[in-house]
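The domain 'Pyrroline-5-carboxylate reductase catalytic N-terminal' annotation in TrEMBL covers 21-107. Residues annotated as domain 'Ferric oxidoreductase' in TrEMBL: 249-394. According to TrEMBL, the feature transmembrane segment maps to 204-228, 248-271, 292-310, 347-365, 386-407, 419-442.
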Amino acid sequence: MNKVPSNIMALTSNTSNKRETVCIFGTGDFGRALGHKLIQSGYPVVFGSRSTQKSSLLPKDAEVLSHAEAAQKAAIIIIAIQRQYYNFLAPLAEILHGKVLVDISNNLKINQYPESNAEYLAQIVPGAKVVKAFNTVSAWALQSGTLDASRQVFVCGNDMEAKQMVMDIVRALGLTPLDQGSLLAAQEIENYPLQLFPMWKFPVLLSLGLTTFFFFYCLIRNVIYPYVTENKDFSFFIAISIPNQICPVLALILLALVYLPGVLAAIIQLYRGTKYHRFPDWLDKWMLCRKQLGLVALAFASLHILYTLIIPTRSFVRWRISSQTVSQALNNKTEALDITNAWLSDSYLALGILGYFLFVLLGITSLPSVSNNVNWREFRFVQSKLGYLTLVLCTAHTLVYGGKWFLSPSSYRWYLPDTYMLSLIVPCIVLVVKFVLVFPCLDRPLTQIRQGWERNPQHSE
C-alpha cells in the first residue's frame, strides 16, 4: 500500500463536486451513523479501528483500516471515541500532524474535567488542528433523518481554515453550522447537551410552588370549610373544580410576571439615569426566562379552557341544574332573566375569548420558526403592545367575573378571599405602574436613557 505523507495533503474547503475522504476513528453507534450520513452525502469514508475485519453493522461502501493507515488517507479525521481512550493517539502524533481532528465527544456531567475534551485532545496531538463539532447531534437523529430538533451544529476551533472545512461537511449533511469562535468555547459547547431545560428551571419551579400553594388554599376554602361548618362533603371538587380555579389564577399571575421585570427595569433605569449599569443578577435571569414563563402561562390557560368546556358534563352540575328546574316546577314559578347578569356573563366570556386568542398569538410568535421570520419591530410590537393588551383583557375577564363578590361577606371563608382576588394583585400592580410610566414626564426621559442619554455621565460604568 502506498502511503501518502500527511504534510503534503492539502487542507482546502470542498469547492468541487468531488468530496474528500473523511476518516472516522471509532465504530460505535455515532461513528457508524455519521459514516452512513457522510456516504449518503457523497463523501468517501474510511474507518480507523483496532480490528480491520469488516463488520456487517458498518456501511458497506466504507473501508476499514488500522488507525495509522486510515489517518493517512484523509485530511479530516473524526474522533468518535470517548475521552478516556484518547491516549492511543499519542503514538500517531507524527501521522496526525497537520490533520484536522474533529472532537465530537460529550461528558457525563457538566464541567467534568478542568479543560474541555477538545482542548485535551489538542494537548495529546499538539501538531493537529482540533475542531469541536457534532456533539449536539444524536446518532438516532442521523440514522432516522429526524434532524429538525437538532439541526444546529456548534463549531469552534483555533484554525479558521480547518473550521471552514468542518462547516462545509456540516452543510453537506443538511445541517446548520454555528461558528462559536476559538477552542476556548469547547467547554460551553460540551456542557450544552447536558443542560436539562436551563431556562425552564425557574418557571417550572415557580409554577409548581404556586400550584401547591393554591391547591391547599382552595382545598381549605372549598372542601374543608363546608365540611367543618356545614358537614357537606365536597371532596370531589379536587378532580375538576379546584384545578379549574388554579389554572386561570396561575395563567394570569405568570403572564403578569412576564411583564413585571420590564417595569422594574424601567424604574431602575429612571432612578439611575443611565442604561449602562448592569441590572441585578436576579433581574437579568428573570428577564431571560420571560418567554418560558409566558409559555407555561399559556399552558395553564389552555387547561382552563379544557376544564371549562367539560363543566356541563359534570354530574354535580347536571344535578344542580335539574334541582333548580324541579324546584321551579314545584313552586310553579319561573325565574325571570336577569339582564345585568346576562351582560356580565357574556362580557367576561367575550373578554376571556379575546384574551386567550391574543395569548395564543403571543405563544406562536415566540416560536423560533416564527420569530425568525419577523423583524425586531414586528416582534416587539406583538410581544409588548399586544402582550400588554392580553394582560389587560385577561385581568378584565377576571374582574368582570368576580368583581361583584369583592364586598360580599360570603366570599371570605375563614377570612380568606377567593383565589381570583389573589390572582389580581400582581397584574393590577403591573398595569398601574405601566400606566404611570406611559405619562410623558416619565416616558420621555426613559426613552432618552434607552437611546444612550445619561443624567450623570461621569459616574457611568
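Glycine is treated like the rest: Cβ placed from N, Cα and C.
A TrEMBL annotation is a machine prediction, not a hand-curated record.
Residues 203, 206-207, 210-211, 214, 279, 283, 286-287, 290, 293-294, 296-298, 300-301, 304, 359, 387-388, 390-391, 394-395, 398, 419-420, 422-424, 426-427, 429-430, 433-434, 437, 442, 445-446, 449-450 of the same chain sit 6 or more residues outside the transmembrane segment (248-271) yet have a Cβ under 8 Å from a Cβ within it. The stretches the transmembrane segment (419-442) and the transmembrane segment (204-228) are in mutual contact, each linked to the other by at least three Cβ pairs under 8 Å (pairs 6 or more apart in sequence). Outside the transmembrane segment (204-228) by six or more residues, the chain places 197, 234-235, 237-238, 241-242, 245-246, 249-250, 253-254, 257, 293, 296, 300, 413-414, 416, 418-419, 422 with a CB less than 8 A from a CB of the stretch.
In terms of DSSP secondary structure, the domain 'Pyrroline-5-carboxylate reductase catalytic N-terminal' (21-107) contains 32 helix, 19 strand, 36 coil. Note: the domain 'Ferric oxidoreductase' (249-394) comprises 122 helix, 0 strand, 24 coil (DSSP; helix = H, G, I, strand = E, B). Sequence-distant contacts of the transmembrane segment (347-365) (same chain, six or more residues past either end, CB-CB distance under 8 Å): 251, 255, 294-295, 297-298, 301, 305, 371, 374, 379, 382-383, 386-387, 389-390, 393-394, 396-397, 400-401.
The average per-residue pLDDT of the prediction over the domain 'Pyrroline-5-carboxylate reductase catalytic N-terminal' (21-107) is 89, rounded to a whole number.
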